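Taken from TrEMBL as is:
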type: DOMAIN; residues: 1-111; note: domain 'CMP/dCMP-type deaminase'
type: BINDING; residues: HIS53, CYS83, CYS86; note: Zn(2+) binding site
type: ACT_SITE; residues: GLU55; note: active site, proton donor
Amino acid sequence: MGFTSHMQAALSEARAAAARGEVPVGAAVVAPSGRVVARAGNRTRELCDPTAHAEILALRAACAAAGSERLPGHALYVTLEPCAMCAAAIAAARIERLVFGASDPKSGGVLHGARVFTHPQAHHAPEVLDGIGADEAQQLLRAFFAARRAP
Ligand SMILES: [Zn+2]
């Protein structure tokens, strides 16, 4: 199972989020064995919860399944660059590798803005791979926001 196949799990969660009327971002957590142990899409509207980003929901589910607040050796795949909140949660969970798709100059907190993992306060920085499945992730977002702007 390569980067692309795990990103497909995240992308399918992003598509499902769009179908629910949520901003199409999806995430998947992969165990050291290579198994996808949690996957989630944005549910901020459905749950009336500004913290219900795909990454947070996937981390919560993976931690609950592992019975631990930390996920050493795990990878998190997400279709969009995580925001500062999610990046902080990824660091707290001790995720070993973060793989994301589209970069997000507006709200991202990894390559942009707070740059959480290179901040002096970062206790843990995962290996970061970006641009995996970026075109498809970007297309989903573009289509979603174009449809919302239409009369
Ligand atoms: Zn976030």
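Every residue gets a Cβ built from N, Cα and C, even glycine.
Taking Cβ-Cβ distances under 8 Å and a sequence separation of 6 or more, the neighbours of CYS86 (Zn(2+) binding site) in its chain are HIS53, GLU55, ILE56, VAL78, GLY109. Looking only at the domain 'CMP/dCMP-type deaminase' (1-111), the predicted model's pLDDT averages out at 96. Within its own chain, CYS83 (Zn(2+) binding site) has HIS53, ASP104, SER107, GLY108, GLY109, GLY113 as residues 6 or more apart in sequence whose C-beta sits under 8 angstroms from its own. Take the mean position of the Cβ atoms of HIS53, CYS83, CYS86, the recorded Zn(2+) site; other residues of that chain with a Cβ within 8 Å of it are ALA54, GLU55, ILE56, PRO82, ALA84, MET85, ALA87, ALA89, GLY109. The most crowded of the recorded positions listed here (HIS53, GLU55) is GLU55, judged by how many other CB atoms sit within 10 Å of its own CB. For the domain 'CMP/dCMP-type deaminase' (1-111), residue counts in helix, strand and coil come to 39 helix, 25 strand, 47 coil, using DSSP.
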